[in-house]
Amino acid sequence: MSEPELKLVARRIRSFPDFPIPGVLFRDISPLLKDPDSFRASIRLLASHLKSTHSGKIDYIAGLDSRGFLFGPSLAQELGVGCVLIRKQGKLPGPTVSASYSLEYGKAELEIQKDALEPGQRVVIVDDLLATGGTMFAACDLLHQLRAEVVECVSLVELTSLKGRERLGPIPFFSLLQYD
C-alpha cells in the first residue's frame with residue numbers, strides 16, 4: 001500500500017464529536033470527496049488491495065446506502081466489474097429481499113432487488129465506514145439470501161473500538177484507516 005496515498009486520504013477525514021447524537025464521534029468524509037486527488041487515491045488503494053487479494057475473481061461491487069454509493073461505482077469501474085446497490089427500505093422498485101440491522105445510533109432495514117445477482121457470483125461490499133458492523137452484517141445476509149458469495153467487505157474507515165469486524169465472523173474485512 002502506498003504510504004503517501006494513504007496519508008493523503010487520512011488528511012481528508014475530519015471528526016465531529018456528539019454527532020448525530022451525544023457520545024458519537026462522527027468521521028466525516030466530505031473533505032475527501034471535495035479533493036479529487038484524495039478521492040482517486042482512496043479508490044486506487046482499495047482497488048489495489050482487492051486486485052492483490054482476489055486476483056480478478058470479483059464479479060460485482062455492492063455499494064451500501066448511502067455513502068457506500070460514493071465509492072462503489074468508482075471502485076467497480078477501477079476493477080472492471082459491475083456495481084449493485086443495497087438500499088434502505090422502500091427505495092427499490094420490484095421484488096426485493098430485506099434484512100434488519102442495528103446502527104451505532106439506531107435500527108434500520110436494508111433491501112436489494114431479487115434479480116440483482118445470480119447464485120455463486122462473487123461480491124465485495126463497500127461502505128465508507130465500519131462501526132458496529134450491523135450494516136455490513138445485514139448486507140452479507142442479503143447477499144447470502146441471493147446465494148451470492150461475499151468474498152470480502154471493505155471500507156475507508158474502521159472504528160476499531162466498536163468491534164464491527166468481529167461481527168462479520170469469517171468474512172474477510174479490510175479498511176484503509178483505523179480509529180479507536
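Backbone N, Cα and C atoms are what each Cβ position is placed from, and that goes for glycine too.
Quantities reported herein were computed from a predicted structural model and do not represent experimental measurements.
What Swiss-Prot records as phosphoserine, among S15, S38, S161, is residue S15.
A distance of 21 Å separates the Cα atom of T135 (phosphothreonine) from that of S15 (phosphoserine). In the three-state DSSP scheme, S66 (phosphoserine) falls into the coil class. In the three-state DSSP reading, T135 (phosphothreonine) counts as helix. Rounded to a whole number, the distance between the Cα atoms of S2 (N-acetylserine) and K114 (N6-acetyllysine) is 38 Å. Each residue contributes its Cα atom, and for S2 (N-acetylserine) and S15 (phosphoserine) these two points are 24 Å apart. Taking each of the modified residues S30, S66, T135 in turn and counting other Cβ atoms within 10 Å of its Cβ gives the largest count for T135.
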